[in-house]
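Participant: Can you read through this structure? Questions will come right after.
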Amino acid sequence: MSRSKRDSNFSVFEIGDSTFTVLKRYQNLKPIGSGAQGIVCAAFDAVLERHVAIKKLSRPFQNQTHAKRAYRELVLMKCVNHKNIIGLLNVFTPQKSLEEFQDLYIVMELMDANLCQVIQMELDHERMSYLLYQMLCGIKHLHSAGIIHRDLKPSNIVVKSDCTLKILDFGLARTAGTSFMMTPYVVTRYYRAPEVILGMGYKENVDIWSVGCILGEMIKGGVLFPGTDHIDQWNKVIEQLGTPCTEFMKKLQPTVRTYVENRPKYAGYSFEKLFPDVLFPADSEHNKLKASQARDLLSKMLVIDASKRISVDDALQHPYINVWYDPLEAEAPPPKIPDKQLDEREHTIEEWKELIYKEVLDWEERAKNGVIRGQPAPLGAAVTDGSQAHTSSSSGDASSMSTDPTLPSDTDSSLETSAGTLGCCR
């Protein structure tokens, strides 16, 4: 990795085929993840004296879709403040004007690993239950503001070695409006809910299906519904859970209904058969958590008909989860989204670019005026946020998360990993 000087405020790092032009306060950059939305580096923030993750968005103004996702992610990250949502620490661009603006950097908390790695561990009921509880708290916080994540998957959920969990990546998150008809290609295939696969309208509990898939993966150690395309994905679901009833079929669009009704009929399997006791850890003595409770929760999450699927609120009160219940976490005040038309907006690339640039300048102005607490004044076009600089342990400490080099690399996440085991719950 080579390093050269650009100007008095910024340093340049060559990271693979990409160039990171970052504030001098960010040192020792090291690539830790890459994906369609960007490249992520771990770095040390000399001002905050902590390790952070810096995400450079890949060609944010390549087209309208990329630009809209970049705007959505930035706006939502600026608004959300919850212990189970990844914290935004800084936003900056090295360019000095709208005309020059082309690179966007987002600085986040650095975590130790994602659930792809955690799933490979031998988790006891306490850890499994506590991780689920935190997922649900984060999701409820988003839903309280009408935000549907839509892309929940193991690589978008990160953890610290002390079992603290955070949800990240808001590039596909959507504010819930009056219409819920959306493309079926918004969620990584394996975790797509039936209503998404079948092009139906959907609401907040689309995220609950994804959580159920993740829980099932924790138990089995492998993907539940590994479809090769969206048709095969549907087949994988009904082969295990059974063909839905006529009542559900009536909700489908005529062409989709014809296809679904012409598929072979499957009786499905009971959850006792799909998830036998042998797959679970030993029953917990401390919190009285049992395989039967986890299986019951799973059976309420993995319900094909969304109208009969468990809600986030009810899931938080389920016996397998409510041992951790804390109103400060589960009932945190909803984030205030200033842009009520966040998803209805349609703009040209240049208009999106201007909107994003204004968000960066707004952040800078808030930092200057002390609205964003605990941070020094920004340099150049850089802006800094300390309001969410949580007191989580530095990633420079010896981490106890285990990793498997054969696992797929995380996509666009803020994590760093090292070998070991997952720490205790609170």
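From the backbone N, Cα and C atoms, a Cβ is placed for every residue, glycine too.
Under the heading active site, proton acceptor, Swiss-Prot lists ASP151. Sequence annotations record features per position, and here Swiss-Prot assigns ATP binding site to GLY33, SER34, GLY35, ALA36, GLN37, GLY38, LYS55. Per Swiss-Prot, compositional bias 'Low complexity' is recorded for 384-404. According to Swiss-Prot, the feature compositional bias 'Polar residues' maps to 405-420. The annotation domain 'Protein kinase' is assigned in Swiss-Prot to 26-321. The phosphothreonine annotation in Swiss-Prot covers THR183 and is backed by similarity to another entry. Annotated phosphotyrosine per Swiss-Prot: TYR185, in sequence order, evidence recorded as similarity to another entry. For 375-426, the entry in Swiss-Prot reads region 'Disordered'.
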Participant: Using Cα coordinates, what distance in whole Å links GLY33 (ATP binding site) and ASP151 (active site, proton acceptor)?
Facilitator: 17
Participant: Which one of these binding-site residues has the most other Cβ atoms within 10 Å of its own Cβ: GLY33, GLY35, GLY38?
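Facilitator: It comes out as GLY38.
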Participant: If you measure the residue listed as 'active site, proton acceptor' to GLY35 (ATP binding site) at Cα, how many Å is it?
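Facilitator: Taking the Cα atoms only, the residue listed as 'active site, proton acceptor' lies 14 Å from GLY35 (ATP binding site).
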Participant: Looking only at the domain 'Protein kinase' (26-321), what is the model's average confidence as pLDDT?
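Facilitator: That stretch averages a pLDDT of 90.
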Participant: Tell me, by DSSP, whether GLY33 (ATP binding site) is helix, strand or coil?
Facilitator: strand
Participant: I'd like the number of other C-beta atoms within 10 A of the C-beta of GLN37 (ATP binding site), please.
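Facilitator: There are 21 such Cβ atoms around GLN37 (ATP binding site).
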